[in-house]
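Novice: Next up is a structure, given as structure tokens.
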Amino acid sequence: MEYRGYDSSGIAVTAPDDPLGAGIKLVKRAGKLKNLEDRITEIGADQFTGGTAIGHTRWATHGRPTDENAHPHRSFDEKVAIVHNGIIENFAALRKEVEGHGIEFASETDSEVAAHLLALAYNEGDTAGDFRASALKVLNRLEGAFTLLFMHAEHPGQIIAARRSTPLIIGVGEDEMFLGSDVAAFIEHTRNAVELGQDNVVVITREGYEVLNFDGSTSEGKPFTIDWDLAAAEKGGFDSFMMKEIHEQPAAVRDTLAGHFQDGKIILDEQHLSEQDLKYVNQVFVVACGSAYHSGLLAKYAIEHWVRIPVQIEVASEFRYRDPVLDERTLVLAISQSGETADTLEAVRHAKSQGAKVLAVCNTNGSQIPRESDAVLYTHAGPEIGVASTKAFLAQVAANYIVGLALAQAHGTKYPDEIAEIYASLEEIPAKIEQLLEVNTQVKEIADYLGTVKTMLFLGRGVGFPVALEGALKLKELAYIHAEGFAAGELKHGPIALIEDDLPVVIVVPSPKGVKQLHSKIVSNIQEIRARGAKTIVIAEEGDTSVEPYANWLIRIPESASIMQPLLATVPLQFLSAAIARNCGNDDIDKPRNLAKSVTVE
Ligand code: M6R
């Protein structure tokens, strides 16, 4: 679970027989999980045996990543331990109230208040002595998004948990039960899981689970079987998950495409939007964050080109705050690997409240975004553990193109044979990515030559522009280097001032088979930056000789239809960012600093 947050971690175990303590043993440490493991070894792992345990890996929101701010948090009487994911928005008022009881806080977090409130509710008043009633009382006072796990020293066989907007899944084992933010937490122990609804509370014991609503009434979860392979959560001989996931890209794209073109027709399974619904659509909005947003830019190019309806794209965190013009003829395409990203989820909710139809492109079965959307197209990339998105990004691009083709089919803007031809060129991509994986050796040589660069620019035109943005994002998050992606034509309007001797600039050259002027214009752009001293790393199709005189390094990618090129041109940039990151001293490319895989806060 470390990929969900790794600035600190901790565990609490109920130890009812402990003659000294209050029944809960707790240990926590700032930094990566290794620090916690070392601390536990130091104390003695046998000190932390017990029947019930909670653990947490943190991505800081309130308070720096210190030992004190790490979870679990304990109540003033040391009888309650809690872990929390999300933000308790009314924590300041609650903290004041708790401090009014003369209670001192041990941390700067918003989370700790829940532990004290629970202890207060358990110790006095109408819920005294009743763990469940006390937990419900506290939960009903909290505002914001949260997953909370509560344990109480006097109820050592029980954990009470709740979710509002952030994820929580139950794992059902034999004589053991699990709770996790995602199934990776317990996939080693059981394949039987239960999905919980919004505002659900769950009480687990070793024997079973009970699902409630926040008012205490009975509710139920939705059982499902986890089909992810356990090997998917292991490195399989690679030195990092990211490297493994880059190599899994041919399969990710192939599996995402599988079954979507049958008997000459595009099929969007798992959709609840009919061909008639798609035909009715007269504008598309794409909402997504980070890499998913870059994949969405490519959806715009494809849909506008194939369907001739306007597509607007917006970073999800901005979407609902600027009052976009949506109606029942608007299709909102919400793209998210995790299906949990709070910004995208809120954009989906806003779109639905305005009457738009929402189609999710998502990699995680049963997650919140598909659940709240009208339809979903799953990418089949398998679990992505590396925090920097690689295979999920390529799978999203493939899925977006399927959506584009489905719209073109419904609108009749492409003949069936044209759709078949485009789909066939999409199906050729996995084999071409396979072939391209060898480029890593050349890329490493380039990275070694560059050493520890301070800044880098990425340029592209047409569908190469989103690739440039994605290349820059990868380098920023992995190597902590300032990097920017630009539309190559925009350079002369300001950013060209950044070019100086030896500045490395990556240029994604569009296929010469595409728009002719686009290709020749980017060749001119390369000359302009070379003339100003830049070192050019040119990514161009095999056989494109026009760029040879202007490239300090030339990275060849297989030929493809021009709209498909991003599915290839992205791969060397993933390798490049990983290689530069290592040269800059970041060996743990799976867990870049300050980041987390699923961003469940806005
Ligand atoms: O799970 P999501 O696809 O919604 O995540 C969106 C972004 O947070 C994600 O793509 C992020 O930008 C990655 N770290 C990029 O490598």
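Cβ coordinates come from backbone N, Cα and C, glycine included.
What TrEMBL records for this protein is below:
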type	residues	note
ACT_SITE	Lys597	active site, for Fru-6P isomerization activity
DOMAIN	1-207	domain 'Glutamine amidotransferase type-2'
DOMAIN	274-413	domain 'SIS'
DOMAIN	446-591	domain 'SIS'
Novice: What are the DSSP helix, strand and coil residue counts for the domain 'SIS' (274-413)?
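Specialist: Here the numbers are 69 helix, 28 strand, 43 coil.
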Novice: What is the three-state DSSP composition of the domain 'SIS' (446-591), stated as helix, strand and coil residue counts?
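Specialist: Its residues fall into 73 helix, 29 strand, 44 coil.
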Novice: Secondary structure at the residue listed as 'active site, for Fru-6P isomerization activity' (DSSP, helix/strand/coil)?
Specialist: coil
Novice: Restricting to the chain of the residue listed as 'active site, for Fru-6P isomerization activity' and a gap of 6 or more, list residues whose Cβ falls under 8 Å of its Cβ, or answer none.
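Specialist: Looking at Cβ-Cβ distances below 8 Å from the residue listed as 'active site, for Fru-6P isomerization activity', excluding near sequence neighbours, one finds Tyr3, Arg4, Ser338, Glu384, Ile385, Val387.
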Novice: Take the domain 'Glutamine amidotransferase type-2' (1-207) and average the pLDDT across it for me.
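Specialist: Averaging the confidence scores along the domain 'Glutamine amidotransferase type-2' (1-207) gives 92.
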